[in-house]
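> Residues or ranges marked as region 'Disordered' by TrEMBL: B:1-41, B:217-240, B:275-331, B:406-431. Under the heading compositional bias 'Basic residues', TrEMBL lists B:20-31. Positions annotated as domain 'Myb-like' by TrEMBL: B:156-209. The compositional bias 'Low complexity' annotation in TrEMBL covers B:278-301. Taken from TrEMBL, the feature compositional bias 'Basic and acidic residues' covers B:322-331, B:412-431.
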Amino acid sequence: MAAAAAPDEDKYVLGKQGEKRMKGRTITVPVVTGTCAFYLGKKASEYQSHKWTVYMRSPSNEDLSHVLKKVTFGLHESFQNPKRDVEFPPYELTETGWGEFDIVVTLHFREDIQEAPVELYHRLKLYDDTGAANPKKPVVLEIYDEVVFWQPTEAFFSRMATHTARPAPPSQLAQFYTAFAPDSEYQRIQRARQRLAQIRANVEGTAAALEAQEAAGMYVGA
Amino acid sequence: MGDIKDILGVPRDGLPPAAKSKKSKAPKLVKPKGMSRQGTGGWAAWPRWEAFALLSGSHPLMPSQLMGDIRKKEGVAGLKEKARRDPRGVVTFQWRKFRNPARGDDLELEHWVKCYRDARGRVTPADAGEYSFAKFNKKPPIMRYNDEEYKSLIKKEAGWSREETDYLLDMAARYELRFVAIADRYEFPGAPERSIEDLKARYYSVARQLLVGREGGPESVANNTLVRHPFNPQHEQKRKRGLELLMQRSREQDEAENEILQRAAQIEAKRKAEAAARRAAAGPSAAAAPGSQGPAAPAAREVTEFTNEEAPGVPPLFDEEAQPKEPEKGAVARGAAARELVEAVAAKQLGKAAKALEGALQEIKMDAFPRCTTRAVCGAYISLQKEVIELLELKRSVQAKQHLLAGMKRAKREEDVDETPRSEKRQRMGK
C-alpha cells in the first residue's frame, strides 16, 4: 500500500481541545433507565407509600464502567440531598416516597472520552395502569435508549476496539428486568410502512383518474 | 322678556302654570274619524294624515338648531359665490329661427336658444356657430368616375352595363353604402336579380380599380383595405349559409351533437387514466416483489430499509426526512433525540391536519413511539411519520379535486337544463 501523504486527514478530525477524534465514526452504547416500585402495603403511610429503586443498566447486562465514570440520579427537591452519585455498578438508588416525578439520570463519562455528561429523563412510575397496588408485584418501567458517540476520541475508540464485554455485577432487581426486541419492533414498523405504501398507490391511482376526468371535462365544456 | 318666559313655560309673576295652561294651550283639534296612524283607509288615508299633522300644533316647524352653525362659513359664503356674475351675462332664452346645413333644401325652423344678456344689453347665444347636430351627418366617400376613367380604368364586367354601374353608384351614394337597403330597393330595368354579394362585388371592384388607377400603381395603395382584402363573394355566401344553418338547427340536432362530444370525452378520459396507471406501474416499482401485487392493483412503491450498522462517515441521528444527521454534541441519547424530532414534526401540523395525523397513526397502531430505539427503529419510525403525513396530504388534495369536479358537473348539468337563448329565438321564429 502506497504511503499516503497525510493518512491522518482521512481518519481523524481535531476536537475542541485539540484532541484527535475518529472522523465519521460512531460508537453506540445501549442503556436502559428503569424504576422498580414496591407498594408498602400495611407499612405504607401517607408520605411513604412506596419503596422504589431507580437504576441504570445495559440491556445486555454488560458492565459499563469502561464508559461511565459515575451516574448521578437527580431526585425531586423534596428529597434530602436530591443529587445522588453512584460510582460503581450496579448504578442503583433506592428511596421511599409517595409521589411520581421525573428523575434526571446523568451519565458522566470517563476522562478520555472527553464528552459532557448526558442527561436521561425517567418518570418514576408508582401506580399500575389498573390502579391496583400489590406489595409483592412491583411496578416496573424500563426505558431503552442508546448513547451515541459521534466522532469519538482516538483513545476511546481504540479502547473499545480491544474491549471485551464483561457481565455487570448482579442486582437484586434482575428478576424484574424487561426484555427488549428491537428487531421485531423494526419489522412491525416496516410492515406498517408497506401497508401505507399500498394505500398510497391506490390513492395515486384515483388521483390520476381524476386528472384525466378534469382534463376531459374542460374539453367538453369549451 | 315676558315672551321668553312664556316660551320656556316659566310662570310669570309667580303664577302657577296651571292657571295659564288653559289659555296657552293650543285648541285641541278633533281628529276626524279614522285618522289613526295605523291601518286606516291605507293608501288613501296617507295624504290626509300628513296634511293634518301639519295643521296640528303638536309638530311646530322649528328652525334647525345645528345646521346653521355647521354651515355658517359655507352658508353665507356659498350664497355669495352663487351670486357671482357670469362674465357672459344673465341667462335668457330666445325663440329664434335656424337652418340645418346638413339638409339639402333651405328649410327654416324655429326653436328656443339659450342666450346671455350682457351689461350693455346685447344677447349672444350660448353655442354660436352652425347648427350643432349638423356635424353628425357623415357620408361615406363614394368615388365617381367620368367617361374617360370609365373607358380606361374600369374593366368591362359581364352583365354590368355602364348605365347599371352608374345606377349602382347612385344608389350607393344615396343609401350611404348600406347594401342591405340598396339590394332591397335595387330596380334596374333589364337587369337580372342582383344579390347583395353581386352588388358588393361590382361596387368594390369598381372602387379598387379607380383607386389603383388614380394612384398610378398598386404599390402605393397596397395598404388600403380595398386592395389588401378584396371582396370575396363566395366566402361571403358560405359564411351566410353557415350562419343560417346554425340558426335553423333544431334542438334535437343540438342534443345529439352534445351527446357525441360527451362520449368522445369519456373515451379520452379512459385512455388517459390507462396511460397514467401504466406509467405509475412501470416507473418506480420495477423492482417490487413479483407475486405480491395482482395485475389489477396499482403497484406500490418500495419501502426504504434501515440498519443498525453505523457505517463510517454516516452520522448516527436522523432528520425529518429520515436522512442521516450529525448530533449537536459528541454524545447524545438517540431515543430522546428521535422522540423530540417526531414530536416537533407532529406539532408543525395545523388543526385538522394534526388530528388526522394522530388518527391515522392510531389506525395503524403506530401512535406510540417505539420502545427500543435502535438506529433502524428510529429511522423507520421517522420515515413512517413522514409517509403518513404525505399520504394524508395526498388524500386531501384528491378530495379537493373531487369536490371541484363535482361542482363543475353540477354547474354544467344546470346549464343544460335551462332554456338556452338559442332555443328562445327558435320559439320566437315560430319553429
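Using the three backbone atoms N, Cα and C, a Cβ is placed for every residue, glycine included.
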> Are there residues at least 6 beyond the ends of the region 'Disordered' (B:217-240) whose Cβ is under 8 Å from a Cβ of it, and what are they?
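Beyond its ends, the region 'Disordered' (B:217-240) has Cβ neighbours at 197-198, 200-201, 204-205, 207-208, 211.
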> Going by DSSP, how much of the compositional bias 'Basic and acidic residues' (B:322-331) is helix, how much is strand and how much is coil, in residues?
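With helix first, then strand, then coil, the compositional bias 'Basic and acidic residues' (B:322-331) has 0 helix, 3 strand, 7 coil.
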> Averaged over the domain 'Myb-like' (B:156-209), what pLDDT does the predicted model reach?
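Averaged over the domain 'Myb-like' (B:156-209), the predicted model reaches a pLDDT of 89.
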> List the helix, strand and coil residue totals of the region 'Disordered' (B:217-240) as derived from DSSP.
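Here the numbers are 12 helix, 0 strand, 12 coil.
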